[in-house]
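Taken from Swiss-Prot, the feature repeat 'WD 1' covers 127-167. Residues or ranges marked as repeat 'WD 2' in Swiss-Prot: 172-211. Sequence annotations record features per position, and here Swiss-Prot assigns repeat 'WD 3' to 215-255. Residues or ranges marked as repeat 'WD 4' by Swiss-Prot: 258-303. What Swiss-Prot records for 307-351 is repeat 'WD 5'. As annotated by Swiss-Prot, zinc finger applies to 891-911, 912-960, with the evidence given as similarity to another entry. Under the heading Zn(2+) 1 binding site, Swiss-Prot lists CYS892, CYS895, CYS904, CYS907, citing similarity to another entry as support. The annotation Zn(2+) 2 binding site is assigned in Swiss-Prot to CYS917, HIS936, HIS939 on the grounds of similarity to another entry. Residues or ranges marked as Zn(2+) 4 binding site by Swiss-Prot on the basis of similarity to another entry: HIS933, CYS950, CYS953.
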Amino acid sequence: MPPTETLRPGERGTAGGPGAGAPEQTYIVRQSNKYYEHRDSQATAMSVDYSGQWVLLAGRGHLALQRLGQDDGSLRRHERQSKYEVSVAEFAICPSRKEYCAIATSQHIDIVRWGTAEPHYEMSLRGHTRTVTDIDWHGKDPNLLVSCSIDTFSHIWDLREPRKPALSLNAVCMSGATQVGFNRVSGNLLAAAHDGDLRIWDIRKGSCPTHYITAHLNRVHGINWSHKRETCLATASQDGTVKYFDVCNPRRAEKIITTMSPVWRARYTPIGNGLVSIVVPHLGRGENSLLLWSNSKQTDPICSFVGHTDVILDFAWRPNRESSNEIELVTWSRDRTLRVWKIDDNMLKLCEPSAEEIESRFEPDLSELRVPTPPEFLHPRSILVAASLPISTGDGACNTLPMARSPSFGGGYYRREEPHIARSLTDQPTCSLHHEFSLLNTNMPHVEVDTLDAIKRYACFKICAGGHTVILQVTFTTSYPSPSAPPDFQLCQGTTLSSEVSGVLLKVLRCNALQRVKKSRTCLEQCLRALVAAMKKKVAAVGGADRSQLLLQSPRLEGALSSTLHDACIPYPRTSGVHFNAIGMLTTFAQPVNNKRLTLRQHTALTPRTFSSINGSGLLGNVMATAQREANASFYLQERMISGKPGKQRAIRQMNGSPVVHVYDTSSLLHISRRMAREFSLDKCNIAETCRKNGEICRQHGRLDLVPVWLLAELIATPQIPHETLNDLLFYKDPFKKSLLESLIMHYAISGDIQTAVLLACLFDKCPTGGGAIMEKTVRLPPQLNSQISPYHTVLPLDVKSSSSSNTWQQLKQLRSNSWSDSLDLEIKQIQSDAYACSLIRRTKMPLFDQFKRAYAEILFGWQLLSKRALILKHTQNTPPPVQGVEFVTECRKCAKPKRTPKCEPCKRPVLFCVLCRLPVKGAANACLACGHGGHIDHMMQWFEKHNVCATCGCKCLERTSELLALLS
């Protein structure tokens, strides 16, 4: 792995040139060269154009241009009306579009072309659904622009086709994108920040990111690609660090700058070997630091730019097209001041590494080049290193390579980059021992970490593999990981290996450590992995482990436990569960007690998708068993008849290692009882007697708490006033009885005793139908039906006296003619309203009580009490009213039957087709009531916006439909 160097900014050092013997860097405090104050400007974004003459200040109320060459400080202000602040503004960086700039406001991006007089709005890019957080222009193609948003998308726009993004990069994550940037060397790579993570995309293949980098612990505020190296970038974060990354080695940062406050921006200098960062103090209390760092050494900043009194919002580099030896830094702050800082040649020299540092750093590589081994001599990296090394002369002087012009910054001044940047950063000195310990993988298989002491510079580990244990102590020298200082390894007391095997393992450790430290790389984790592999191989060769213990490392087990870390998005199979059903049966299953759950640290296979595959592969099976069962686990108990001896009954034999499904009867813990449900009565001939009988049933089954309830129900059903015997309708109009009954039903329904609640609701639901006096007095037919002659010739006479009250309704319906009778219909409605009147349950409560009855009917179905269930369902008469309205009746083309649904269920074919697009209609539809033609509602609206006749038959659908609807209303 590449080394990591974590450095903190120190105190101000002493001045010294590059050739001074002191290692401290010069800490310069620099004031701004130019200063512009705009107190009335509310700009929140800033950008410098391609020529370096104009600075754009963009805000919610205006766009302003400041010419840097003028000393009067006047602004070219252009008003704009927007209720949102400008989140970011960027000028194009290609000369062919140098007058274009992109301004992001809320969810859209405006492309503005600056003319001689006023800005011209060329286009608006709309594709994001949340606020746009960052934009960046392509460095090679002037037509490409990338934007990112909180909606997690990064859109690449082509200005030649601005209606939609040319490419959308979707990061499947919960956090939005905060920063985005194109690669400055090739332009093919793109980096997007999502909180503390980075996604590296290749725009030639936008289906998925090419690299995932866990960069910071907090949000990333800035991304900047290197101007010289294609794969290197720097990030600034809320956690107070600036990190250098190489996307070829995304696992760890190359170098780290640590500050005491959040870092808002960090960008490479266009020339030289520096980086500028903005440090924002916590809660605005502290110094608003604008610091220049060297990429080769991060102990101290090179320069501090002072002058701003508030938070620096943004900064940009001002290219000098006439003189490329100098660059200028332009900053805009919340104190409403625009400052210009000059980066002179002395600052750029301080960013370069000293000659002593270069020579001391690469002396080991020179020694390797004198006696090269064939593989390393032919390695391309070795050739690159040899080409970038300083040239040694006989007198000890060191001649460096001549300076060159930078092709990436207008052919300007280009300082010789330090050799360790010209080659891969993986070969530079590594981080401290403390940082190496913090990056150590503590979940390595077979390895337990006992002690990690960075102060005393030693570590202790316990390795268990192949049935043996090794206690390893590693001691690090102060110069580790220099090529001449590998760590020292020692096997301590507690090691169970023989002296011969221990010597072989120590030799393996020293060889691996020497190979790593020769390249100034860390070696601890690689040595531990090599030790585990050598222990397995050596112990298996000498036969020093018991076979039963080696079963733990069998290929079958390793195959089952492998590569599960790659299946992080796949849910692990359920190994236990519990579920209730409606009648109180509890079903449970779990893994067997004798099964051993193993750790998931060593994974080389996929995560099992089902519980049976777990047991089949041996992941949860008894791996210490001598015999392995090849069959998959089954959730079912196998019932087999034991033959051979008479009188033997059926036995259940459980398979070895298979889970058992347990079914428990928990009905005794609930408020319902199957035995009581079988005996309960719903006889309505005498409701009081029925209540007395149900109360006695509760007493017999030990439910003494329900006896007072049925006693109250008996009192409700008993008439209390003599007048009620003359007219039983008075019995059902007692408000006290209605309130008491509804309170009892709701109390037991809420408490979970749905059985008692439903029985009470059914008993007092409606009038008795089996010869009760109330029904006989309620159903009184009109006088014309009592006579033997019907007023209509098509209605047969009805003998009401000979008919019972139970089938009166059916006779009335059967004897109706097709002609309409006012008197008969009115009387039937009156009879139905009287039937509702003879009930102690209000009509508004009936839908709720019907739901209780249907739920209790499902419980009776589970108990197989079908007759009781049918009796309960007879009392659910409050069905929802049919939906009334205009329906589209279409005819199926196959069966030629009229259908009121969009699909013919028997034929499995759609029946409603749009007359415009000829496609089946599955969503909102509309049709003419006169001609019947219609289709998708969107297509119909688009058609009738320009036409007033039907597209099929020429019918004036709008007028005819309005007339028919007026008649219906």
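All positions are counted from 1 along the displayed chain.
Glycine is treated like the rest: Cβ placed from N, Cα and C.
Under the DSSP three-state reduction, HIS939 (Zn(2+) 2 binding site) is assigned to helix. All chains included, 12 other C-beta atoms sit within 10 angstroms of the C-beta of CYS917 (Zn(2+) 2 binding site).
Highlighted in sequence order, CYS914, LEU916, LEU919, VAL921, GLY935, ASP938, MET940 have their Cβ within 8 Å of the centre of the Cβ atoms of CYS917, HIS936, HIS939, the residues recorded for Zn(2+) 2, and are not part of that set. In this view, the densest Cβ surroundings among the binding-site residues CYS892, CYS904, CYS950, CYS953 belong to CYS950, judged by other Cβ atoms lying within 10 Å. Within the same chain, residues 87-88, 90-94, 96-97, 102, 104-109, 111, 173-184, 186-187, 190, 192, 194, 201, 203, 206 sit at least 6 positions outside the repeat 'WD 1' (127-167) and bring their C-beta atoms closer than 8 Å to a C-beta of that stretch. Spatially, by CA atoms, the binding-site residues CYS892, CYS895, CYS907, CYS917 include one closest to CYS953 (Zn(2+) 4 binding site), and that is CYS917. Packing around CYS907 (Zn(2+) 1 binding site) is summarised by its Cβ count: 14 other Cβ atoms lie within 10 angstroms of its Cβ, all protein chains included.
Counting other C-beta atoms within 10 Å of each candidate's C-beta, the binding-site residues HIS933, HIS936, HIS939 are led by HIS936. Of the candidate binding-site residues, CYS917, HIS933, HIS936, CYS950, the one lying closest to CYS892 (Zn(2+) 1 binding site) when CA atoms are compared is HIS933. Counted with DSSP, the repeat 'WD 3' (215-255) comes out as 0 helix, 19 strand, 22 coil. If you average pLDDT over the repeat 'WD 4' (258-303) in this model, you get 85. Residue pair CYS950 (Zn(2+) 4 binding site) / HIS939 (Zn(2+) 2 binding site) shows a Cα separation of 12 Å.
With respect to their backbone Cα atoms, HIS936 (Zn(2+) 2 binding site) and CYS904 (Zn(2+) 1 binding site) stand 18 Å from each other.
For the pair CYS895 (Zn(2+) 1 binding site) and CYS917 (Zn(2+) 2 binding site), the Cα-Cα distance reads 23 Å.
Across the repeat 'WD 2' (172-211), DSSP classifies residues as 0 helix, 20 strand, 20 coil. Looking only at Cα atoms, CYS917 (Zn(2+) 2 binding site) sits nearest to HIS933 among the binding-site residues CYS904, CYS907, HIS933.
The local packing around CYS895 (Zn(2+) 1 binding site), expressed as other Cβ atoms within 10 Å of its Cβ over all shown chains, amounts to 12. Separating the Cα atoms of HIS933 (Zn(2+) 4 binding site) and CYS907 (Zn(2+) 1 binding site) is a whole-number distance of 22 Å. Taking DSSP states H, G and I as helix and E and B as strand, the repeat 'WD 5' (307-351) has 7 helix, 21 strand, 17 coil.
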